[in-house]
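Visitor: My questions will all concern the structure given below.
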């Protein structure tokens, strides 16, 4: 099913959105009364400084965190009132640092992505086999199928986790910093894979990203958070501006056009090298 | 099932048969296979009493060992804690304390009542451990569960000792039960416990996917549609049935629930589809062997199975850890 097939009425802006969402741990509130709409069939990037509530918002959207106020709506219903198995067939989540169980093979791990589609009566089927094989193929991990996950490199492992999320066959996929701890080549690799998934299957993707320039390249829609609120959202051109970067990160920067992708690119100004910047300024 | 797991399954099956036969034949009096058979089939044979006692004891040892090993595997899987064991999470201590109170305070000596009281104690201890662990800021994490389990175990063990020191008669009847023994309990013991063990085993074996999902961490397990609260409750019920019954029948036998799952995971990998059934076999084998060896080590005296399991299991566990063969959870 592509997102375009979903019937929409004027009151439901998209399949996944939140109203007056307040999230926190104990009495400590992290995300404050926030409204957010995740555009269907697009790639949304959530950016912001450390501890601004990005991951908390993602966990809230993935119903891992129960809101202290407000609601998250998935397909027209409060996500916490829907059967958890049904939600798991619609929305997938890849946490930031998943626990890698030792001694588990790649095929076994990716196969666990099929759990939401199985029940006491419906056990492993040939369809499950086909979907796991497809997920391994799409992520280029088919050669690793019989290897143990804990023996893989960081980049390979991340592909295997994504393969597991693919095997879950959800229309929406939420990822918490899928590129953290990967070198640049592997970051591009993972993001290309997600972009391809979005393109070929129409999967709605929401990801928390640290790397602003990559976020600007790969996301259709950016959400910049600050102190648990949304400071700006829109296209990368609208969100990646010198003003917003200064507010969100407390960082002076210059925003130029990325010569490769024609998206905005942030060049941070260092306070220590102020004279160098002034020198450059005077040369312009 | 992988080739390694299949080989291990076959090896354990053969070992279980060998251990059962040894347990039937070996003892203070050696029974040759032919005379054993005659004694079991012919009611007027002079050896009938011994033969039946051996048979009961063998069945009981196998059932208790299998139950404890499965309970250990379930607890380790659901808490992702390699040290989880009915002994460490306070379940055995709870059952012991409840039985001591029942013996000393209410003069209970009926075995059916023992089982019920042991259940109650095991269940209450597990609930207490979970409640205390869950009261913390991060909820019932594997670490808080282990710490609270150790604390509750210590408190209950002291309370048990206190009652025993004050009541000499209870101490006498409790002494043998406490070290864990499978001798001198006739088949009626097992027939009372069997239905509980059967339900526990079936429930435990239904936990395969739940445990494989739990191994991925709370977030991913929930993302895969698991309801963690319900999953943990199912495992807790299975564990209380298995460990509670085993403790009521044979006393608190330590180490089976810790050693067997670790050995099985090291040899066959961590997937619960293979780990859980193999733990049933492995637990039975270890307990049978321990019980049989305990009969011949210091004749004419017998060493209780609880002591023997620890004597065999302790060094074996140290070896396993030193060889780096344990599989992290």
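Even glycines carry a Cβ here, placed using N, Cα and C.
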Visitor: Among the residue ranges B:21-42, B:87-108, I'd like the one that TrEMBL describes as transmembrane segment.
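Guide: Transmembrane segment, as annotated by TrEMBL, spans B:87-108.
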Visitor: With pairs restricted to those 6 or more apart in sequence, evaluate whether the transmembrane segment (B:58-75) and the transmembrane segment (B:275-298) have 3+ C-beta pairs under 8 Å.
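Guide: In contact, yes.
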Visitor: Take the transmembrane segment (B:232-255) and find every residue of the same chain, 6 or more past its ends, with a Cβ under 8 Å from one of its Cβ atoms.
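Guide: Non-local partners: 60-61, 63-65, 67-68, 70-71, 74-75, 77-78, 85-87, 91-93, 95-96, 99, 114-115, 117-119, 121-123, 126, 130, 140, 176-182, 185, 189-190, 193, 196-197, 199-201, 203-204, 206-207, 210-211, 287, 304-306, 309-310, 313-314, 317.
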Visitor: I need to check the long-range neighbours of the transmembrane segment (B:275-298): which residues 6 or more away from its ends have a CB within less than 8 Å of a CB in the stretch?
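Guide: Distant Cβ neighbours of the transmembrane segment (B:275-298) are 5, 8-9, 12-13, 15-16, 19-20, 22-23, 26-28, 57-58, 61-70, 72-74, 77, 182-183, 201, 204-205, 207-208, 211, 253, 256-257, 259-261, 263-265, 268-269, 304-305, 307-309, 311-313.
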